[in-house]
Amino acid sequence: MIERIWSGCSLLWVLLLPLSWLYGLISGAIRLSYQLGLRKAWRAPVPVVVVGNLTAGGNGKTPVVVWLVEQLQQRGIRAGVVSRGYGGKAAHYPLVLNDATTPAEAGDEPVLIYQRTGAPVAVSANRAEAVQALMGHATPQIIITDDGLQHYALARDKEIVVVDGVRRFGNGWWLPAGPMRERASRLKQVDAVITNGGEARSGEIAMQLNPGLAVNLRSGEKRPVNTLNNVVAMAGIGHPPRFFATLEKCGLTPVKTVSLADHQALREADVLALLSEGQSLLMTEKDAVKCRAFAHDNWWYLPVDATLAQPQADQLLKDILTLVR
């Protein structure tokens, strides 16, 4: 229903306009207070690059963070990551992740980033506190924030916005009548716009999410996704249809698709209830980090990697490297 409202296919968005005006007024006032110096942003001792979005959920932001961290690591740069940790509830904050940290504590995306990159990761609603905890735990040369474009309490040196190239900005209204956290005009003020799928517009960097081999959660076995049989596909991400469309492009038509809420907690019994005898389960990598502790032999996940268009991607990296060197 919310997708229909935000896409303009339902007139219910009109009823939500008063709340959207209030949201826009408050968010605009907060940003203006930092611009006018009425509030002071905390500046980290190392450069900060924000990877965020203008809309709520499902734009491909986390794969961009993973790509950026890996690119920096390949160039000998120690990158750290801070995140809000949506979906997690830790005993205390800030929380610096380690090998024993669970998605229930830190959230699924921070755990995914930590496992994929090995980079130090800290979570807190207060990003400045997360950075300070990270600096006390490791020696990063640069901080990448997973989300946080609207968290103006943390000063930043570069801003990168990830846009869903197919859905773009829906009906263009602020939350909750539309998907917008800020107006689309904000794109003119950021350092780079990365467009996930669809058609990149002038000045934007085109990106595709390329699937790898399906990975078994228990054994680590890898195989082409189209060799799996009798598959139930499960996606608890911001925009599940993108995952299901990816499977179709890979030559796999699931017997059933299951869309879950983004960051939804998962229990073994609930997941098993999705399957009938003889069926296999295929999920996103973000869901896999929540299911690994109780995975069964016939559970698989499909990792994706961000591929950015050249030469724009190299230029973006060069611009970021100038902050460090």
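Placement of Cβ uses the backbone N, Cα and C atoms for every residue, glycine included.
Database features (Swiss-Prot):
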BINDING   T55, A56, G57, G58, N59, G60, K61, T62  ATP binding site
Neighbour count check, CB within 10 A, over binding-site residues G57, G58, G60; minimum at G57
Using a 10 Å radius on the Cβ of K61 (ATP binding site), the other Cβ atoms enclosed count 24
To see if you understand the setup: which same-chain residues, six or more apart in sequence, place their Cβ under 8 Å from that of T55 (ATP binding site)? V163, D164, R167, F169, G170, P179, M180, R181
ATP site shell beyond T55, A56, G57, G58, N59, G60, K61, T62, criterion: Cβ within 8 Å of Cβ centroid: N53, V162, D164, G238, H239
Drop a 10 Å sphere on every Cβ of the binding-site residues A56, N59, T62 and tell me which sphere holds the fewest other Cβ atoms. A56
Reduce the DSSP letter at T55 (ATP binding site) to three states and note it down. strand
